[in-house]
Amino acid sequence: MERNERSTPVPGKEKEVDIINIKGIEDIGYVQPDSILLNCLTPEENTGCQHGLYFQDGERRVDYILTYHIKKPSSSRSNRQSSRFTDNAFTRSLRRGTARLGRAPTPQPRGDPEVASQDHSMDYHVDDKRLHREEFEGNLRDMGMELEKDEDTKTPGVGFVKIHAPWHVLCREAEFMKLKMPTKKVYEMKQSTGVGAKINTLVNKVTEPLYPNVEDNRTHNVKHLSYMFSREKQHLFDLSDRDSFFDSKTRASIVFEVLKRTKCTKAKYSMGFTSLLGSGVYTDAYPLHDGDLDGENVEPNDRKLLYEEWASYSVFYKYQPIGLVRKYFGEKIGLYFAWLGLYTQMLIPASLVGVIVFLYGCATVDDNIPSMEICHPKNNITMCPLCDRACSYWKLKEACGTARASHLFDNPATVFFSIFMALWAAMFMEHWKRRQMRLNYEWDLTGFEEEEEELKDHPRAEYELRVMQKSLKKEHKTQKNPTEIAEETTNKWKQTVQSAMAGLKLTEKEKLTCKDRLPAYMTNVVMMLLMIGVTFAIVFGVILYRISTKTALHMSNNPTTRSNVRLTVKTTAAIINLVVILILDEVYGAVARWLTVLEVPKTDKSFEERLIFKTFILKFVNAFTPIIYIAFFRGRLVGRPGSYLYVFESYRMEECAHGGCLMELCIQLSITMLGKQLIQNNLFEIGIPKLKKLIRYIKSKRRSFQEEEREKKLQRYETDHFLEPFAGLTPEYMEMIIQFGFVTLFVASFPLAPLFALLNNIIEIRLDAKKFVAELRRPVAARAKDIGIWYNLLRAVAKVAVIINAFVISFTSDFIPRLVYQYMYSPDGSMHGFVNHTLSYFNVSNFQDGKEPMDPQHQVEMCRYKDYREPPWSNTPYVISKEFWAVLAARLAFVIVFQNVVMLMSDIVDWLIPDIPKDISLQIHKEKILMVELFMKEEQGKIQFIDSMMPCGGKEKRNNHAPIARSRSIPHTHSHTHANNF
């Protein structure tokens with residue numbers, strides 16, 4: 001008979017169900033009686049008990065789960081060796097501390113001495129963990145928690161501890177955590193009137209089909225007045241249904257806070273909850289999902305609703321139910337999806353403008369005079385060879401296709417689009433700040449301060465381990481010599497107790513200093529520089545590939561191959577760069593995490609911020625270094641015919657096509673962006689979880705031939721145990737920040753980037769939603785007012801984008817040379833003659849020995865090349881001409897003007913749009929006034945009550961002091977007291 005499915009408890013034969021009795025606790029006049037083991041309801045009577053959402057009594061809800069490794073009696077030595085719990089320095093130090101408290105040594109086993117010693121070590125290790133668990137769970141009971149163990153499950157080798165927080169614990173911790181809860185008081189939210197209200201009503205009617213079928217997503221005209229929970233003022237809150245007052249997300253976060261504060265103190269060094277997880281005392285800890293997603297007789301729950309209305313690709317066109325996401329996952333995850341949704345919405349106008357710019361280029365390509373001159377049949381301009389020896393002279397009209405394609409992205413509209421995208425980024429930032437403030441008001445976070453959360457942020461397990469190791473070293477240095485120890489053997493018990501009590505405080509006094517972390521800091525600097533150097537080396541290797549491949553293809557006997565050399569080299573080099581970027585992204589992510597672990601940050605927040613900074617630097621350099629090279633360096637370090645620049649004395653630096661490097665920049669940018677989005681962001685996120693699930697299925701199928709039946713009988717906490725642990729939001733944010741860089745940094749060369757980003761994000765939102773709802777364990781809800789460091793990174797990228805786009809327009813495109821020619825050198829003010837103006841002359845007799853073409857197809861005396869240099873017949877042949885300096889001055893002037901004008905316009909947008917919406921500011925002010933009125937009403941009620949209870953003489957005496965009493969009794973709106981019932 002299954003342990004969790006029995007219907008009648010049999011005294012004396014109970015199977016390892018540990019119902020922990022709670023001592024009577026007096027809490028605001030409420031006495032918690034000793035808990036009783038209730039008869040477990042049958043599965044038909046209570047489906048929640050059957051599926052593991054409740055204790056065996058079917059009444060108390062499971063708020064949190066701890067798992068630990070259990071050794072089966074029949075487990076062999078090989079199974080013990082395959083265990084992932086290793087006897088590391090951390091657990092060894094803990095055992096030494098426990099031994100000093102007088103624990104009796106385990107008897108030596110008989111038999112083979114070698115096998116016996118290994119078995120003894122493993123048994124001692126397992127027993128040590130068991131004792132730590134018993135102490136920790138006992139401390140949890142002292143904190144008021146109710147626990148229930150389950151070791152007889154269908155998951156071999158795993159034991160489960162189910163934790164339930166009773167009502168008095170929830171109230172106590174809610175007050176300690178300063179949780180804002182809705183009171184009975186409701187007030188009407190002010191609605192806009194006039195033309196604005198009519199427009200909003202019309203927009204709401206039009207967009208009604210876009211809203212998900214979720215009650216939390218509907219707009220309400222009334223709102224509950226919220227205030228920090230207080231046990232003394234419970235009458236202010238609607239406690240008619242205590243089971244639903246604290247939802248599952250809040251209950252789990254409360255239990256998690258208690259777990260972090262609970263410590264094991266019997267060993268010499270106290271161990272926190274993170275240390276217990278890090279040392280393998282507990283293997284996992286997680287809250288439960290609310291229920292199943294599909295199946296027969298599945299009760300409605302928030303998880304199922306999210307799966308149907310949010311995580312389905314069929315609702316891609318609908319808004320996200322952000323309120324329900326926050327209710328189920330917490331504010332931090334809710335803010336991420338709110339930011340992602342707003343970013344995706346803001347990409348719609350950017351995509352439309354980008355498509356219009358691209359279509360403008362397509363419509364005007366036939367009217368572009370420079371490309372018409374290049375493609376003219378009578379054009380007989382002979383160009384100098386593109387490489388030494390193997391390449392021959394070629395006709396300029398052969399670059400007709402490249403010139404026409406370059407005009408699609410190199411036209412006056414791209415300048416407008418660059419300015420538009422800079423202003424778009426500023427408006428996006430301001431819009432998000434307003435949206436964030438609105439969410440803070442709706443989610444009752446207006447009085448929440450993250451500094452208070454940081455003070456409650458507990459040290460990480462690795463930090464505690466390092467502090468313990470440091471304490472051990474100090475202790476060994478200050479140990480007494482053997483003669484002094486011998487003199488104190490008579491008082492050994494007292495010495496042991498004092499040592500243990502001192503050890504409890506030792507780790508609290510110790511901390512890691514900069515001196516302790518200096519080797520890690522030096523390693524970080526060296527490794528970061530090394531990884532950046534690896535990126536530069538790979539880019540240089542791709543450059544050599546392009547140079548050598550171009551020369552080899554020019555030597556081919558196939559005319560088709562020779563005619564498509566540029567396209568072949570560009571495309572293959574871009575694909576190689578993409579593959580390298582994808583590989584290095586994974587490597588750099590692992591390196592950044594390793595370097596952050598070396599630093600041993602104290603808190604999870606510090607660890608996350610350091611990890612984000614390192615990962616962003618490495619991945620940003622990895623993704624954009626090849627693009628920056630093409631945009632700003634390629635074709636500028638070439639030299640001229642007869643005096644080219646060589647690498648390793650044999651590789652001639654590559655040139656840009658006649659239409660400029662903008663077309664090659666567009667190819668590199670599009671392949672990299674699309675490849676990262678399709679392969680890394682979507683294929684990896686879909687494929688890897690599916691592959692892991694398949695592997696787990698195959699492994700479990702080997703253990704059981706009736707997998708489907710076993711799955712049906714798994715408890716909720718067992719099913720969640722097989723889900724992937726939540727690894728944080730850093731990967732999700734990082735891929736969006738890199739995408740934001742593709743959209744803004746080089747948008748002048750690729751106007752379709754916002755469109756591709758929009759299409760990707762429509763899929764990304766539903767993909768991430770499905771991953772959070774169905775494939776990951778439920779994360780512990782975390783409160784947050786904003787998106788943290790990611791906002792600063794977004795602002796930095798937006799600022800850098802203005803500078804980069806200014807340089808792309810002025811130096812990479814031909815926009816400035818065309819303007820200079822049209823207004824300074826053109827005889828009729830048109831673009832006729834621009835191509836000839838940009839080409840210089842070279843006398844083929846001035847080629848260096850061994851560098852001239854081996855088999856020239858044309859017998860020429862002069863060839864042309866793209867540069868501003870004096871002709872060979874001038875007094876200073878091949879010297880940079882005055883036209884070059886005129887164009888350079890115009891380019892630098894454009895960069896300065898463009899950068900300052902666009903940044904000024906961005907600052908104006910920032911100034912014009914207030915960070916806090918006016919209606920939200922008024923509502924926050926109204927809440928404060930209502931809270932003050934509530935407190936005044938409470939004081940008046942107290943005074944009336946006292947007047948009715950006191951005799952007349954007492955009344956007169958009290959009235960003499962009433963003003964003072966009243967003035968002192970009115971609390972501030974930000975105090976921890978609450979108002980009277982109303």
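Glycine residues also receive a Cβ, built from the backbone N, Cα and C atoms like all the rest.
Annotation source TrEMBL lists compositional bias 'Low complexity' at 75-84.
Look at TrEMBL and you will find 969-982 tagged as compositional bias 'Basic residues'.
What TrEMBL records for 54-322 is domain 'Anoctamin dimerisation'.
For 325-927, the entry in TrEMBL reads domain 'Anoctamin transmembrane'.
For 72-119 (among others), the entry in TrEMBL reads region 'Disordered'.
TrEMBL lists 958-982 (among others) with the feature region 'Disordered'.
If you look up TrEMBL, you'll see 336-360 (among others) marked as transmembrane segment.
Feature annotation from TrEMBL assigns transmembrane segment to 413-429 (among others).
Marked as transmembrane segment by TrEMBL: 525-547 (among others). Among residues of the same chain six or more beyond the transmembrane segment (525-547), those with a C-beta under 8 A of the stretch's C-beta atoms are 387, 569, 573, 576-577, 580, 584, 588, 591, 595, 614, 617-618, 621-622, 625-626, 629, 647, 651-654.
Residues annotated as transmembrane segment in TrEMBL: 567-591 (among others). Same-chain residues lying 6 or more positions outside the transmembrane segment (567-591) and placing a CB less than 8 Å from one of its CB atoms are 527, 531, 534-535, 538-539, 542, 545-546, 549-550, 553, 561, 615, 618-619, 622-623, 626, 664, 667-668, 671-672, 675-676, 679-680, 731.
Residues annotated as transmembrane segment in TrEMBL: 611-632 (among others).
The transmembrane segment annotation in TrEMBL covers 736-759 (among others).
Residues annotated as transmembrane segment in TrEMBL: 793-816 (among others).
Within the chain, the transmembrane segment (413-429) has long-range Cβ neighbours (under 8 A, six or more residues past its boundaries) at 342-343, 346, 349-350, 353-354, 356-357, 360-361, 743-744, 747-749, 751, 754, 791, 794-795, 798, 801-802, 805-806, 808-809, 813, 815, 898, 902-903, 905-906, 909-910, 913.
Each of 336-360, 611-632, 736-759 was scored by its Cβ pairs under 8 Å to the transmembrane segment (793-816), and the highest score goes to 736-759. Tertiary proximity for the transmembrane segment (336-360) is limited to same-chain residues at least six positions away from its ends with a CB under 8 Å from its CB atoms, namely 319-320, 322, 325, 408-409, 411, 413-414, 416-417, 420-421, 424, 427-428, 431-432, 435-436, 439, 729, 732-733, 736, 740, 743, 747, 751-755, 757-758, 761-762, 764-765, 768-769, 787, 790.
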